[in-house]
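Chemist: I have a structure here, written as structure tokens, and I will follow up with some questions on it.
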Amino acid sequence: MSETTSTNEENKLPLNGRRAIPPNYSNDEENEVPEMEAFGLIPRGFNPRDYLRVVDIYMFKEPQEINKQEHHTDKYYNPKLIVRRGQAFQIQIDFNRPYQPQSDQFWLEFLMGRYPQQNKGTYIPISVGSALKPGQWGAKIIHRQNNSIRLSIMSSATCIIGKFRLYVAVLTPYGILRTRRNSATDTYILFNPWCQLDAVYLDDEKEREEYVLNDVGIVFHGNAEDVKSRSWSYGQFEENILDACLFLMDKAELELSGRGNPIKICRVASAVINSRDDDGVIAGSWNNSYDYGVAPSAWTGSVDILLEYYSSKQPVRYGQCWVFAGVFNTFLRCLGIPARLITNYSSAHDNNANLRMDFFLDDEGKVDTRLTKDSVWNYHCWNEAWMTRPDLPVGFGGWQVVDGTPQETSDGMYRCGPASVQAIKHGHVCFQFDAPFVYAEVNSDIFYTRMEKNGTQVVENIDTTRIGQLIVTKEIGGDGMVDITEEYKFREGSDEERLALETAVMYGVKKQSIQDTTYQPQTDVDMDFQAQKAVLGNDFKVTITFRNKSRNSYTATAYFLGNIVFYTGVPKSEFKKHSFSAKLEPSSSSSFDVVIKSSEYMRDLLEQASFHFFVTARINETGKILAVQKAVMLEIPTLRIKTKGELVAGKETSVIVEFTNPLKQTLENVTLRLEGPGMLRTIKKQFGRIPMNSTLTWEVKFTPMRAGLRKLIASLNSDALRHVYGELNVQIQKP
């Protein structure tokens with residue numbers, strides 16, 4: 001007797017005066033479902049075997065079978081059934097005798113979580129009817145043979161996504177008989193961009209193939225004048241990745257009942273992708289020291305990061321913006337939300353969203369690094385996710401900015417988005433979430449302000465075109481770059497641009513008008529500079545050009561300042577200072593060269609080989625100051641990848657990675673990584689050192705499992721050299 005009381009005690013819910021049941025945010029936890037649910041006392045002669053009984057359930061869950069083929073889920077490396085919501089799928093039930101519709105009654109039950117409730121969408125009973133309604137739960141018999149029936153089941157186009165448990169329930173006069181818990185019949189239901197009733201519906205097949213089904217992407221980095229690209233393996237179909245992505249929603253404590261809404265999912269995911277304030281997936285580090293972790297530049301894709309987090313439940317070290325964006329993209333595509341990775345060149349990290357980045361100059365016109373706090377990132381990566389926005393007025397659905405890199409808090413947590421790209425373009429920054437911050441990232445102006453001795457600020461120069469000068473993403477169906485700047489903003493100086501700015505200011509974006517400050521720029525002299533393309537470890541030349549458009553002769557005193565910077569624009573060290581005088585003849589141009597020697601920069605160089613140059617020039621006759629700044633990236637050597645022998649699915653082959661050290665020093669602590677999504681799980685190898693000018697060769701044997709076009713991606717990481725990549729497209733033949 002005491003035993004039954006103790007189990008009853010255990011089954012009682014924890015007492016809580018505020019809610020009847022505890023919050024339900026674990027997809028993994030389960031409740032006990034009785035196999036026999038009696039209506040009352042059961043008569044002695046009752047034998048369940050006398051009634052209709054389920055012998056077996058067949059889920060058609062193999063990659064080549066109908067369900068995974070029709071639902072575009074055949075690429076998932078997962079043995080269970082995976083379907084997309086709002087679209088019919090089939091199962092077969094074998095009974096102990098032929099099914100008799102007149103006398104037999106059965107239904108299906110889909111359950112999720114520990115406290116399934118029908119009104120929360122976590123308990124879904126489905127009775128068998130004669131017809132299916134689009135986008136609503138239902139089932140109908142499409143085939144009967146002997147003791148078997150085949151059902152077509154329609155899921156709701158708004159149902160929650162995740163892993164459901166399936167039971168078949170049969171009605172008897174004395175109670176309900178259910179199938180036993182069987183994890184082989186578990187069913188994953190995902191978002192469906194192919195279904196018109198789904199909030200993430202995308203109407204172009206080529207776009208769906210790219211933004212949902214492509215498991216490799218391109219990260220664009222470098223700077224706007226010198227765009228660089230590298231491949232990233234999203235790997236959303238790899239083993240255990242789907243479970244890892246569902247776990248992220250458990251970790252973010254998103255109620256199961258909210259998991260049908262892509263807006264909610266994106267919002268909580270943008271917080272849980274970074275480890276700030278919730279022990280999320282990736283710990284960021286921007287300080288060039290990556291002890292006890294992996295340097296952000298060494299990762300070749302998302303799979304290792306997600307699997308490590310799923311098993312350890314501890315933040316994975318380390319990431320920077322493209323790592324957060326790469327993992328976020330995997331998460332979104334894995335769940336069926338169309339997503340793409342975006343790079344914004346010259347991205348303003350504006351701490352107070354006032355559309356103004358301040359660079360302070362001293363009396364002579366040199367940049368005052370002490371007072372200057374704002375930074376312009378060479379580039380910043382975020383994501384766009386595709387969905388309707390029923391919470392906003394019509395016209396603001398479509399691409400939404402979501403950003404997992406921790407920059408500023410939003411509603412008390414480090415997260416950003418979803419913010420409608422359309423709303424940002426038109427200046428409607430009042431619409432949630434975080435639109436003013438994204439608007440500032442692409443629209444701020446750079447103010448060069450001189451501090452006078454008495455503390456007044458004089459604006460010497462304003463650069464309105466540099467911030468957000470180029471916004472790009474990968475093209476559909478290829479590795480090229482597509483310029484999407486016009487999706488975020490109207491052309492600089494156009495009437496529409498001015499109107500969008502006025503709208504943004506009306507909705508609370510702070511913008512100091514020029515009238516508040518005394519500002520009379522020198523308009524008849526232009527200054528610009530160009531840097532020669534340079535390979536890491538070599539000397540290079542920077543050319544500064546003045547164009548005097550007036551009929552006056554001028555003389556200028558110019559200051560050239562070179563900083564070694566993090567890609568976030570934050571200086572690490574000043575390595576070059578140079579000043580010179582220039583004579584500017586009327587209506588003519590004059591150029592001046594500054595040579596940068598490798599011995600000046602190699603010692604302090606950071607991993608992205610990135611410099612930031614400021615040139616300021618004071619026109620002596622007028623006292624006016626010209627100012628220009630640019631980021632310059634050095635060419636980093638690449639890895640060479642080649643394959644040996646023929647590439648046939650199911651047959652062993654080998655790949656060779658080669659690298660020649662171009663530096664005038666030995667590389668220490670060298671690590672190579674190689675992966676090929678859908679073909680080769682990440683392999684790592686440590687090499688002690690590579691002396692200067694010597695070549696390292698690494699051969700890896702592997703067996704590709706599937707035919708088709710795949711990509712091999714490799715990275716090299718060492719103490720003195722990072723961001724070294726190589727890639728190779730390979731065609732795997734059918735056996």
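The backbone N, Cα and C atoms fix where each Cβ goes, and this holds for glycine too.
Pulled the feature table from TrEMBL, pasting it below:
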- 1-26: region 'Disordered' (REGION)
- 313-406: domain 'Transglutaminase-like' (DOMAIN)
- Cys321: active site (ACT_SITE)
- His380: active site (ACT_SITE)
- Asp403: active site (ACT_SITE)
- Asn443, Asp445, Glu492, Glu497: Ca(2+) binding site (BINDING)
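Are these features on the surface or tucked inside, and what are their neighbours?
Modeler: Neighbour density for Cys321 (active site): within 10 A of its CB lie 27 other CB atoms from the protein chains shown.
Less than 8 angstroms from the CB of Glu492 (Ca(2+) binding site) sit Thr464, Thr465, each of them six or more residues away in the same chain.
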Chemist: Given a separation of at least six residues and a C-beta threshold under 8 Å, show me what packs close to Asp403 (active site) in the same chain.
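Modeler: Spatial neighbours, sequence-distant, of Asp403 (active site): Ser270, Phe324, Ala325, Trp382, Asn383, Arg415, Cys416, Gly417, Val438.
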Chemist: What mean pLDDT does the predicted model reach across the domain 'Transglutaminase-like' (313-406)?
Modeler: 91
Chemist: Whole-number answer please: how many Å between the C-alpha atoms of Glu497 (Ca(2+) binding site) and Cys321 (active site)?
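Modeler: With distance taken Cα to Cα, Cys321 (active site) is 28 Å from Glu497 (Ca(2+) binding site).
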Chemist: Other than Asn443, Asp445, Glu492, Glu497 themselves, what residues in this chain have Cβ atoms within 8 Å of the centroid of the Ca(2+) site's Cβ atoms?
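Modeler: Here the nearby residues are Thr464, Thr465, Ile467, Gly468, Lys489, Gly493, Leu501.
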Chemist: For a quick check of packing: other C-beta atoms within 10 Å of the C-beta of His380 (active site), how many?
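Modeler: There are 27 such Cβ atoms around His380 (active site).
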Chemist: Around the C-beta of Asp445 (Ca(2+) binding site), how many further C-beta atoms are within 10 angstroms, looking at every protein chain?
Modeler: 17
